[in-house]
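Have a look at the structure below, then the notes.
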Amino acid sequence: MSKVIDKIVKEFKSWTWHHLFIFVLTFMAYAAFHGCRKSFSNIKDELAENFTPNTTYFPYDTWQKETTFANKDDADVFLGELDSLFLFAYAFGLFVNGALGDRLNLRYFLAFGMCGSAIVTFIFGYLGAAYHVRKTIFYQILQFFNGLLQSIGWPAVVSIMGNWFSKSSAGFVFGIWSANASVGNIIGSVVLAQVLNYGYEYGMLLNSLILFCVGLIVLFCLVVHPNEIGLENPDQQERVETLGQEDNDPLLPSNKVAVQQPKPISFIQAVLIPGVIPYSLAYACLKLVNYSFFFWLPTYLSQGLHWKDDKSVEFSNFYDIGGIFGGIIAGIVSDCIGVRSPVVGIMLAFSVGTILCFNYFSGVYNVTVAILFINGFMIGGPANTISTAITADLGKHEKIMGNAEALATVTGIVDGTGSVGAAIGQYLVGVINKKAGWQYVFYFLIVMTGLSIVCIIPMLINELKYLFRRRPDPRRYSPIGSQAEPEEVRS
């Protein structure tokens, strides 16, 4: 553990204010993405009411002239379909935009995605409500394009972070940085809750405005790679130092080793990187569970537990708070032991019990807060670890010679596969709830959590063998993804 701390301290001392600025800016960028995304999940109950006839305010004949639904159950199914449509478009965009991110200027690409998504969210949430749009095709088209634009964000910010921070402390750095999604969810919920009594469209307006403004900051201020301002790539610097230690020739200075800039890899090459397929499949199951809480938790608290809408939005934040701490702890622990899948597997195993507890014991405010926090910790923590630290490790695997240009492609594959699973899941959640009720929704989530553990069993077995066989010699320690990593872990 002291070896890990020494490396983190050493890297921290090598950071400049540029590193801190990139950390904060990419954090803000993806938090703003998620703030807009969270807005939709928090207004589902209001949208369902808008799509459902209410003769208290309007005669039924007036509603018959609109394209709407006969009851809230049908409206909920449609909203689940919108979730799935968004996530299918998001998944398709991740596969495409991940590869494009390795070939385009990420500053322009990321800014385009942020500003474009802000405009679509504004049209969906504000203009749709202001002009009383009830046509389902209107919302379907906007959700599809919003999914494509939102999919630019994750591969871009992970790739930029990979350029600036080395993989030797990826668990620690990315563990903290991966809180961006949860922080964005909280900010989006808080902003919406403050104006929800005036109309949900104002919350959508404010969150889209935040995303657009941060997009402009990215456009004018983001530095994609440290080489652009004369700084060294951290991973190249580590390899240079290693070569310098191995070569005692005084005529070859250790800080002058030439490093050839690698070319982007193909999609097939990225898929065949060891670990990409099992972690992608695991993330498909896990993101389904995580996004079911993300999209449906406020609706469950409102409809299933009959809480007020503002209370449902407020209390759903405790799931995200748990995810923040879970991601940080999982990253630090995985750095300390040198492997990641055992940490992910143990947390997911515990999450099966916490989901079951949420099903049976939620209802009382204090109990619900505690269970939501634990659920976020046990589910959001592994989800953040796979989508950030593990993805960064895979994107810099030694079999592609530390090709950092592969990072956005690998990120797109892992997150894209996860989004396919999440897209299918959101539709199934709506259908299962309508046919059988919320209790069977939670049983479904438990099954999918178990499948995510099954998917990483090969990695789990190899890394557990490494842990048990490794002698407690700090000189043999090597964090996951490093060049000196044992064969058992690499296989």
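Cβ atoms are placed via backbone N, Cα and C, with glycine included.
According to TrEMBL:
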| type | residues | note |
| --- | --- | --- |
| DOMAIN | 22-464 | domain 'Major facilitator superfamily (MFS) profile' |
| TRANSMEM | 12-33 | transmembrane segment |
| TRANSMEM | 84-101 | transmembrane segment |
| TRANSMEM | 108-131 | transmembrane segment |
| TRANSMEM | 137-160 | transmembrane segment |
| TRANSMEM | 172-196 | transmembrane segment |
| TRANSMEM | 202-224 | transmembrane segment |
| TRANSMEM | 271-297 | transmembrane segment |
| TRANSMEM | 317-336 | transmembrane segment |
| TRANSMEM | 343-361 | transmembrane segment |
| TRANSMEM | 367-394 | transmembrane segment |
| TRANSMEM | 406-428 | transmembrane segment |
| TRANSMEM | 440-461 | transmembrane segment |
Problem set entry | Cβ contacts the transmembrane segment (343-361)/the transmembrane segment (440-461), at least three under 8 Å, sequence gap 6 or more | yes
Seminar exercise, completed: Here the stretch out of 172-196, 202-224, 367-394, 440-461 with the most C-beta pairs under 8 Å to the transmembrane segment (108-131) is 202-224
For this session: Answer yes if the transmembrane segment (202-224) and the transmembrane segment (12-33) have at least three CB pairs under 8 Å among residue pairs 6 or more apart in sequence, and no otherwise.
Result: yes
Seminar exercise, completed: If you count CB pairs under 8 A between the transmembrane segment (271-297) and each of 12-33, 84-101, 172-196, 440-461, the winner is 440-461
Exercise. Given pairs 6 or more apart, does the transmembrane segment (12-33) have at least three Cβ pairs under 8 Å with the transmembrane segment (172-196)?
Worked result: yes
Exercise. If we call contact 3 or more Cβ pairs under 8 Å (sequence gap 6 or more), are the transmembrane segment (172-196) and the transmembrane segment (84-101) touching?
Worked result: no
Problem set entry | For the transmembrane segment (406-428), distant same-chain residues with Cβ under 8 A (at least six beyond the ends) | 80-81, 83-88, 90-99, 101-102, 106, 151, 154-156, 158-159, 162, 264-265, 267, 269-271, 273, 276, 279-281, 283-292, 295-296, 386-387, 390-392, 394-396, 400, 444, 448
For this session: Calculate the per-residue pLDDT averaged over the domain 'Major facilitator superfamily (MFS) profile' (22-464) and state the result as an integer.
Result: 83
Exercise. Mind checking which residues reach the transmembrane segment (440-461)? Cβ under 8 Å, same chain, six or more beyond either end.
Worked result: 275, 278-279, 281-283, 285-286, 288-289, 292, 296, 341-342, 344-345, 348-349, 351-352, 355-356, 358-359, 379, 421, 425, 428-429, 432-433
